[in-house]
Structure formats: structure tokens, C-alpha cells
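TrEMBL has this to say about the protein:
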type: ACT_SITE; residues: 103; note: active site, nucleophile
type: ACT_SITE; residues: 107; note: active site, proton donor
type: DOMAIN; residues: 22-217; note: domain 'GH16'
type: CARBOHYD; residues: 111; note: N-linked glycosylation site
type: SIGNAL; residues: 1-22; note: signal peptide
Ligand SMILES: *[C@@H]1O[C@H](CO)[C@@H](O)[C@H](O)[C@H]1NC(C)=O
Ligand SMILES: *[C@@H]1O[C@H](CO)[C@@H](O)[C@H](O)[C@H]1NC(C)=O
Ligand SMILES: *[C@@H]1O[C@H](CO)[C@@H](O)[C@H](O)[C@H]1NC(C)=O
């Protein structure tokens with residue numbers, strides 16, 4: 001054991017440093033994001049290691065990453081609004097600017113105490129969304145931080161909750177499905193009021209006597225291609241694991257198991273909205 005430790009430590013250091021060379025980030029969230037709206041309702045605490053967003057009856061608040069990216073793996077730890085969070089929405093997403101934007105979304109729809117949050121996901125390409133999938137979580141997302149991740153590379157987008165894949169969107173451009181490949185995105189987070197639709201379709205309203213509502217974010221870690229002055233940090237090319245990350249057979253099986261147990265809405269099978277099944281659904 002004692003004689004093996006230095007070698008394994010050395011190996012893990014080598015692996016880690018090779019990984020870090022590809023623009024990995026770690027450490028205080030204040031180094032990777034700015035609080036961009038909410039007039040003081042967003043705060044950095046614990047020397048920048050923790051960021052809280054809050055919402056009251058006059059405004060929510062939000063954050064955005066300092067850098068923009070074209071491909072990467074992004075992990076954010078989030079602890080959601082406790083207690084009665086009905087009507088509130090915490091969003092964590094990647095998005096490019098402009099009218100034909102691309103976007104990869106996590107939205108956590110609050111609920112009455114003791115009733116489950118809904119994790120709402122969507123993928124926009126060229127300003128076009130309509131690819132909603134919703135899930136219940138298998139844990140209480142208000143009791144502790146959990147890690148919500150996006151892998152985005154030229155061949156697929158994978159959405160993970162605590163390292164379990166819950167959604168996959170493949171690059172099917174060859175058969176006419178648009179895929180985000182050109183527009184750099186930033187990471188965003190926000191807490192806002194959506195009581196016109198969020199909880200039980202808008203039936204349950206925000207109870208403002210409980211305001212301010214607060215959600216916490218920390219450890220935005222990414223290993224990504226940063227775009228700066230039109231140049232990508234991924235050029236010249238070096239080995240980047242996230243660029244080739246995809247689900248292997250075990251990953252596919254976990255994805256299927258989670259979807260069959262926890263998915264509560266899937267646009268792919270909503271015949272009322274989509275009498276013609278979207279192409280990406282028929283090929284997955
Ligand atoms: C918002 O909340 C504050 C503090 O609870 C209260 O004084 C105010 O009347 C509320 N405003 C509205 C528009 O509900
Ligand atoms: C809130 O709770 C109700 C009843 O338990 C459930 O049907 C619903 O899916 C939950 N989530 C939201 C966001 O409405
Ligand atoms: C709002 O919350 C307060 C404090 O818990 C509670 O007394 C009140 O009944 C709630 N209002 C509604 C409409 O549920």
C-alpha cells in the first residue's frame with residue numbers, strides 16, 4: 001500500500017494535469033461567473049465559493065459565465081429553494097445570443113412542500129425549441145447540493161444528474177436535424193417567478209409571504225473550449241476527453257432505466273403536439 005501510493009498519486013497527477021491543460025476550471029464560483037441581474041439579490045458568500053440567488057415579489061436574479069464556449073463539459077452544483085417553492089423556477093443553461101440562438105436547458109420547477117420538483121429540459125437549435133423532456137428526481141434536491149452536467153461536443157449532447165445520464169441528443173445533421181456547432185454559448189443561472197405555468201401547469205401560485213426564496217450554486221467546473229476574440233482554446237488540437245465523450249452500452253442502459261422510471265413528459269411521444277414524430281425521436 002505505502003509503496004504503491006506514490007505511483008498512483010503520480011499517475012493521477014499526470015492524468016489530472018493533462019486534463020487541466022484543456023481549460024479546466026475549479027475553485028471559487030466568483031472566478032468563473034458574474035452576477036448579472038437582480039439588483040443585489042444575487043450574492044457571493046464564503047470567499048466567492050458560494051453564490052446565492054434570490055427572488056422576491058419585485059425581482060429574481062441571475063448569473064452568467066465570464067467565458068463563452070464552443071463545446072465542453074460543464075458541471076454545476078445546485079441546491080434548490082427549500083420548503084414551499086411553488087411558482088418559482090431555478091434555471092441552469094447554456095445559450096448563445098441572437099435570434100437564432102442555441103440553448104441547452106435545465107429548469108427546476110418548484111412545488112408545494114412535500115411535493116416533487118420537476119426537472120424540465122429542452123434543447124434549442126437556431127431559435128427553435130419544442131424538445132421538452134421532464135423528470136422527477138430520485139432525491140430531495142433542496143436538502144443538499146447535487147451536480148447537474150452538460151456534455152456538448154460535435155457528436156452529441158448528454159445531460160447528467162449526479163453523473164447519471166438522463167438525456168441524449170445526437171448530432172443528426174446528416175438527416176436534417178439542426179445541431180449546435182457554430183455559436184459559442186455562455187453558462188447561465190437564474191431564479192425567477194413563473195407561477196403562470198410552472199407548478200401543476202400554473203394552478204399553484206407563488207406564496208409571496210414566504211419570500212425571499214433562495215437557491216445556491218457552487219463549483220461551476222468546466223473542461224471546455226473557450227472562445228476568446230474569435231479564437232478557440234481548443235486550437236491547436238490537443239486531446240480532450242469531452243470532445244469524444246458519448247454513452248457506451250452501460251451508459252445507454254442507465255439512460256433507459258432512468259427514463260423509464262423518472263421521465264414524466266417526452267415530446268417524442270406527444271402525438272397531439274407532434275402528429276409527425278420528430279426525426280431525432282425516430283432515430284434514438
Ligand atoms: C412585496 O413584498 C413587500 C414585503 O413583504 C410588501 O411590503 C409589498 O407590499 C409587496 N408588493 C407587492 C406588489 O406585492
Ligand atoms: C407538484 O406536485 C404535484 C402533485 O404531487 C405533481 O403532480 C406535480 O408534477 C409536481 N410538480 C410540479 C412542478 O407541478
Ligand atoms: C402562505 O404562507 C403562509 C405562511 O406559511 C400561510 O400562512 C398561508 O396560508 C399561505 N398562503 C396560501 C395561499 O397557501
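Each residue, glycine too, has its Cβ placed from N, Cα and C.
Please treat TrEMBL annotations as automatic predictions, because they have not gone through curation.
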Close-lying recorded positions around ligand 2 among 103, 107, 111, where CB distance stays under 6 Å: 111
Cα separation, the residue listed as 'N-linked glycosylation site' to residue 103 (active site, nucleophile) (Å, whole number): 25
Set of same-chain residues at least 6 away whose C-beta sits under 8 angstroms from residue 111 (N-linked glycosylation site): 85, 86, 117, 118, 199, 204
Cβ neighbour count within 10 Å of residue 107 (active site, proton donor): 20
